[in-house]
């Protein structure tokens, strides 16, 4: 296992066993500003708009043979990030590697990590590939991840960045132990590792008579005799009529009567003063002012300039391209994983934002080791940050402060269930009250009808009156509601004196 040791001991490593090249920029070993883990410190970039460089030798060089390479470290943009990087460089092994002179031109094998400027959010994975024919090095860039990286740069939380290179020439990039990009060193790098077998012949030239036109004007077409190219596209509308009330003698603009000549106006220097023009108030209520002109309309006889119709080109030869020849610089590297060995790591950065926090660098080959390392470092920071997270209500309020339109969404979200409750529950309550009053009325009616039937020998009209009297007496003795409530129920349900007597009359006859 190759370690870039924990930053709790980094003060010793960086300034004793390693070399700090502070190119104007300043580094410190500090605790996090927020969600601090007691006793845990990290390396912090402190200066703004300055170059920073710091590096350390590995305990032993990493050789790309039959074991994977895992690079992992933590970054926290404590103040967000405007423009700057937080990537790490794995420096190439060589006899002349001197960390005292570590700068942007120092040869590296791999560059990995976040970078941002403006609204361009990047996560670099670059490796320098050696051309086996020329011995020169070219940078190969991994394609951009398909995920949105913005939150990792602006949420002011500690994030874990991991690069995994495998001997089968594949790679994975992870943030917070979740894969955000993966691919093949042979197929998903730009430019490709291996050049094309054939290239265009630079000496080949397009013949002068080569015809690339798929369509040409019909040479046999003739302009029709009735085609008039002089007809205008617009003509006056002869059917238009001046609107009634049009003020021909009123100008559209008049001098402002309230305007006054400035006291410092010098007619010799500034000329004769004139009041500024304002819209004529008389024209506001009229359809228009000034000289009326007929509106224009499309000319039905307009045809424009005549052109011959297009036909297929009988001499069309297609789009010309140079012939292909064998690429003299072609080579085939089937295992680009076998890169230049690495013997040191370093941060060589420039930033417009300070307080970029780094911690827990590790270079190893075993995933289990990297995961344990992450659990002991980043995992603890994540637990502390989760414990300090505000409640749901506070998060909603904070989000609405940044995006005021969210208040409308919150109100609608609360109002919708309340509105549905009123819509579906309130009518049921009204029906329940309605049924209570109706049953009370029928109970009084039936009781009175039975009493009247027992008397006998009276005609129907008298029964109706007595039933009505009985219902009134029943109403007086009914304790289920007040007189006003009974009256409102009768009026709202249509059971007034007339309908009530009619129902009672039918009930007496049925009995």
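Each position is counted from 1, following the chain as shown.
Just so it is clear, glycine is given a Cβ too, placed from its N, Cα and C backbone atoms.
On a predicted model such as this, the values are computed, not experimentally measured, just so you know.
Among the ranges 383-404, 405-426, 427-448, the one that TrEMBL lists as transmembrane segment is 405-426.
Counting only same-chain residues at least 6 apart in sequence, those with a Cβ under 8 Å from the Cβ of residue 83 (disulfide bond) are 116, 117, 118, 351, 352, 353. Using DSSP to sort the residues of the compositional bias 'Basic and acidic residues' (232-242) gives these counts of helix, strand and coil: 0 helix, 3 strand, 8 coil.
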